[in-house]
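Structure first, commentary second.
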Amino acid sequence: MQGYFITFEGPDGAGKTTVINEVVKAIQGQCKREILVTREPGGSKIAEKIRDIILDPANTEMNAKTEALLYAASRSQHVSEIINPALKRGDLVMSDRFVDSSLAYQGQGRGLGIDEVAQINAFATGHLEPDLTIFLDLDPAQGLARIAKVRSGSEDRLEQEKLAFHEEVYRGYQKVNQAHPDRVKVVDASQDLPQVVAASVKLVKSTFPELF
């Protein structure tokens with residue numbers, strides 16, 4: 001029995017973590033499968049240690065290729081240890097970020113090339129792709145303003161990047177979304193949280209009606 005794999009993507013400040021948690025609350029009493037919520041970078045013991053290296057604001061000297069490879073290494077461990085076993089059990093896996101983040105942040109934002117970063121991650125994940133990606137669409141400036149309001153002074157290394165970087169990341173996401181219209185569905189994340197959650201729940205239920 002094969003499971004289902006849903007990823008949530010979007011710029012920093014779009015509210016991915018909050019939305020995922022609210023979506024789970026909304027569907028867990030109705031879903032016929034176990035639900036596993038996870039995140040990237042991280043999701044497993046080794047992957048979380050790599051996460052700490054990647055996001056540590058002190059690591060300002062980290063070059064773009066190192067950053068991309070660390071994300072891929074974390075993802076490889078996450079997939080083999082957490083995601084694939086859950087999918088084999090038949091679970092519904094919901095991940096806060098996945099490969100699309102690397103394509104947008106390192107491929108476009110860091111200028112490494114989306115295709116090049118895609119190749120690295122295809123190797124790292126064994127070509128695993130989500131069944132559905134919900135992209136929480138938010139203007140980068142608005143996202144950074146949200147972060148500053150909530151976590152002022154405690155932003156991670158990527159959140160501390162200037163607006164120009166985050167705008168480039170957003171352009172990367174747009175390219176990825178346009179290349180995968182069947183997989184990626186867009187939700188306006190500038191709406192109030194209940195509206196964003198409702199739209200996300202609707203997408204999950206309409207994409208996988210057999211789960212409910």
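Heads up, residue numbers simply count up from 1 along the chain you see.
Backbone N, Cα and C atoms are what each Cβ position is placed from, and that goes for glycine too.
Given the structure is predicted, the values throughout are model-derived calculations rather than measurements.
The following features are taken from Swiss-Prot:
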BINDING   GLY10, PRO11, ASP12, GLY13, ALA14, GLY15, LYS16, THR17  ATP binding site
All-chain count of other Cβ atoms within 10 Å of ASP12 (ATP binding site): 20
Any further residue of that chain within 8 Å (Cβ to the Cβ centroid of GLY10, PRO11, ASP12, GLY13, ALA14, GLY15, LYS16, THR17) of the recorded ATP site: LEU136, LEU138, GLY143, ARG146, ALA189
Winner by Cβ contact number (other Cβ atoms within 10 Å) across the binding-site residues GLY13, GLY15: GLY13
